[in-house]
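Features of the protein shown, as given by TrEMBL:
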type     : residues  : note
DOMAIN   : A:70-223  : domain 'Glycosyltransferase RgtA/B/C/D-like'
TRANSMEM : A:12-33   : transmembrane segment
TRANSMEM : A:78-107  : transmembrane segment
TRANSMEM : A:119-135 : transmembrane segment
TRANSMEM : A:141-160 : transmembrane segment
TRANSMEM : A:172-198 : transmembrane segment
TRANSMEM : A:218-238 : transmembrane segment
TRANSMEM : A:275-293 : transmembrane segment
TRANSMEM : A:305-325 : transmembrane segment
TRANSMEM : A:331-349 : transmembrane segment
TRANSMEM : A:356-373 : transmembrane segment
Amino acid sequence: MKTKGNTIIKQNNDLVINTVVILIIVLGAYLRLHQLDKESIRLDEAQSIWQASHSLEFIRNYMAQNVHLPLHNSLLHLWMRIFGASAMSVRVLSAIPGILSLPAIYLLSKEILANRKKAIMALTIASISPFWIWYSREIRMYTLLTLVSTLSYYFFLKIIKESTWRNVATYTLINLVGIYTHYFFSLVLLVQVVYFLILWRTGLEPRLKYYAKSVFKLFVASAIVLILAFLPWAYFQARNTMGGNLSPDLKSPSSFNIVLSLFEFTLGYQPENTTAAIIALWPLTVLIGFVFLKKRKDPLGPGIYLAFLGAFSPIVIVYVVSLLFQPMYLTRYLISSTPLYYILLAWLLMEMRGRVQYVVGGMFFAGIMLSLHNQVLSPDIPTKENYREAVEFVNNNSTNRDVVVVSPPYTLYPVYYYYNNPSKLISMPVWDRTQLNIPEINDERLKEDSTMIQQGHKRIFLIATLDLAGGYTVQNYLDLNYTRLEKHQFSKFVWVSVYQAEYPSINTQTASKE
Amino acid sequence: MSNEKDPIILTNYAKVSKLLISTAVLLTLIYFTWWLNINNAGHPVLYTFLVVGEIFHVWQALGYAYTIYNQKRIPFKMAKYYHPVDIYITVCGEPVEVVEKTVRAVMDISYPYFNAYVLNDSKGAGKDNWEDIDIMAERYGAVPISRPTNKGFKAGNVNNAMRLTKAPYIAIFDADQIPEKNFLIRTMGYFNDEKMALVQTPQYYVNKGDNFLTRAAWEQQELFFGPICNGKNKSNATFWCGTNAIIKRKAIESIGGVPEDNIAEDFLASLFLHEQGWSTIYIPEILAKGLAPHNLEDYVNQQFRWARGSLEVIFKYNPLFRRGLSWAQKMQYLYSSGYYLNGIIVLIDAAIPLLALGFDALPVSAETSDFMVYFFPFIFSTIFLLMMSTRNQITFNAIQMSMSSFFVFFTATISAALNIKVKFKVTSKSKESGNYLKLVIPHMIYIVLTIIAIVVAVIRDGIVPSVVTNASWAIFNIIFFSGFLRVAYPWETVFEKLTKPVTLGLEQEVAEEFAFPFVEIDTSLHTDHED
């Protein structure tokens, strides 16, 4: 009877937990899919759509000169052939791995934290994470990277515990997708190598005391397959890199980038003032470290070391490499750290006790909810790029006697996406897109280009993105040299200015006076 | 209430990974380099103060890392011979019932050759109960030794007893420390080593479950009698903690008896013993159970006494300049006694954000994020090290009470530095609680100043990051200082009064007519009148 009773209680518990998990995933799906096309297509998205609208061969050749890999755009290409290129359609391709990352992080959390309630906490954080939601609603490769990173860690741990060929094959297949999704996926593999060596050396994982060598051999076999699978691309890239360089012009990171990354992982994208004010509260995060101290059984399973390593070491590595060799630090590139970062946060919250847990947990979730709300509604989010309304304004107000100028030149991509206008569209500085490199901006060049653009036109409509290199310079040049008729802001950095291009000649003026 | 099923072992030594300790040390040193970069300086005076504070923090962090590095388990040793032992119970005004429990337990100790003495200083201290103590002691077969004066306090009391007794080993217990039956069996074996002068065991608080204060006091003891004392063994730097220890008569005589001119006679005696080349050892086994200070006044007295005594060693007997000590011993003595300088450092750290808020005097000019990337690895690795080295037994409350004691330590530092004579009170261990708000006046002043400073800063600058950060630091300090505030007053009685329904002795009709929803009407007067 007792056994039967226990079984019923367990079944009920399972039912409750599974229901909660499903509800949280449904909530996450809703937050990712609701009004998916509400925001304008952003620059990066437009570039992906433009690249994916070409042939697979073009994509392969183009990506060979890019900092990214061809898999995502190739998938997008196929997707667009079936579902079209509307904002809703293309973004669903990101939302799907974004939603699938939720059950994946639940599985990984269960593996790491060995506790379903703690795993639900990690799932909840991920489900409402403004950062994850942002990228689930943007057609880029970042949610795919998140999904494969999460699954890669999951099957990595599965192999350590249970080295079946099925696990190894799945792990290898996932990693194969990962290495063709983003170069920074290699950091996930690096973390796994380091963690495996730590486990082997310290004996933290009891099973490895006896099976370390055989598990190691399986990982080596998987690595060989991955290397062989990546070699064709490496060879192709080495052979086909053309004269152009499409890598973004990144600056060397400062310590602020590290702090900002952790902030954005936690609270997503916020207006600059809000970000600065919240980061300024940092002494209170030190306090969390102290209030965490409580008598308890050892809360550190081996998985916590993996979570710590996976959450922070990629940030440190990329930061150091950026300082010493080549700037490559962008928060979104490090999204593969977020699954383990969220698991670490869940562990921290669940290991707190009593009132401290309620206070810290309450403040944490209130902070996330408010941030998500703000991320969705605030027009001051720096990463929001409202090209749609900017271009709609131009579409509605310009005529074929006007010229539409875009600056910097590569913002032509999002403008083209929405452009539906007889007016001539040109970039400033003028950019021949068959020549991959964008010309440098200087006064001489601007004078030459603006004179050429002005000719035969009544007004100049300038769509400028001020936080991108050249946008502010061009707007400032036109402000100083032309009569500005109108100026409109559509998002934090996207502005449309209208200038008078046609001026009456001196003779005409004299005649009219007479 | 206390838990009678406490483990015998206090804290097993925690074998913390050398890699982890080395990493924490590295991160600490990297952090310190940030402070050495003069380009980070803002207001020069405030920056200098902060650098001094950070030198202290780094020193304490490195001292702790060194202490827990490569700790070794001390195996039990059976005594080759049952040397005679004199057991001293030092008394100075404690209630008879408290002392009686100790005497009873001492007389119950399993050991073939020992005599028990009650060193009764109650008479000299002018306590009324001194005769009762003597009578009680004789009733149990212990010998009372009473002095007409209490010259030299506890040290004088012990020296006086040493002149009247002659066993080669002396076990010493405070009046409230109740030894286990096997106390001598578990400890005497270490005296097989001829150079062994002292065997120290932990001071366990049996009343740790009574209230927040006793619990926090015990949690502080756990840190000290856990990784810190365990770690001192490897440097032969264990010092006498005044009670629950056995000392070798010959060793104490070699240093001229227990020093009487220092309130921390035990600490100073240990220093002298080590100078003479004697060995000492700490056994992390709970072999006696005592009482924690039960109220804030007792706690403050205890902390002040320890702080003043330890700091006197720095000012009068600085271990750095003492001959006969190894460098490791010098470092350990400095590390332990220097801990109490924390009062000045906390005061500095607490004052800086107020000055920054109130007068816009920023001590640091560098970007906050630049500081954070150095500070976070340092502070979190230190916290992690504390967790690992105490096997996750360290608590926020223990650290909170240490921080909260800043003014006690500060006063002790000033009094020790200026050699101001202070009258010490023995911890009463009574169960009285009450209003000790006078002891938290500095804490309350800090809260008021914080509010004023934040208001001034917000009016002057608005809610800008520098104001938010400094306000956060001030709140950080207040949360740590709130440990004292919590135990300074029986707040529960206030809450009881606030939540208890008000009773009015009104006649039924009148009462009902004027009744408020939250007022419970007492109609008993009305009924009585009717009867």
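Just so you know, the numbers here start at 1 and follow the chain as drawn.
Glycine is no exception: its Cβ is also placed from the backbone N, Cα and C atoms.
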Give, as a single whole number between 0 and 100, the mean pLDDT over the domain 'Glycosyltransferase RgtA/B/C/D-like' (A:70-223).
94
Counting only residues 6+ away from its ends, which parts of the chain sit with a Cβ under 8 Å from the transmembrane segment (A:218-238)?
60, 64, 69-70, 159, 163, 168, 171-172, 175-176, 179-180, 189, 193, 196
Best-contacting stretch, by C-beta pairs under 8 Å, relative to the transmembrane segment (A:119-135) and drawn from A:12-33, A:141-160, A:305-325:
A:12-33
Same-chain Cβ contacts of the transmembrane segment (A:172-198) under 8 Å, 6 or more residues past its ends?
67-72, 141-142, 144-145, 148-149, 151-153, 155-156, 160, 204, 215-216, 219, 222-223, 225-226, 229-230, 233, 305-306, 309-310, 313-314, 317-318, 333-334, 336-337
Under 8 angstroms, Cβ to Cβ: which one of A:78-107, A:305-325, A:331-349 has the largest number of such pairs with the transmembrane segment (A:356-373)?
A:331-349
Using a cut-off of under 8 Å between C-beta atoms, tell me which stretch among A:12-33, A:78-107, A:331-349 contacts the transmembrane segment (A:141-160) the most.
A:78-107
Tertiary contacts of the transmembrane segment (A:78-107) (same chain, 6+ residues out, Cβ under 8 Å):
21, 24-25, 28-29, 32-33, 36-37, 40-41, 45, 48-49, 52-53, 119-120, 122-123, 126-127, 132-133, 135-140, 142-144, 146-147, 150-151, 154, 339, 342-343
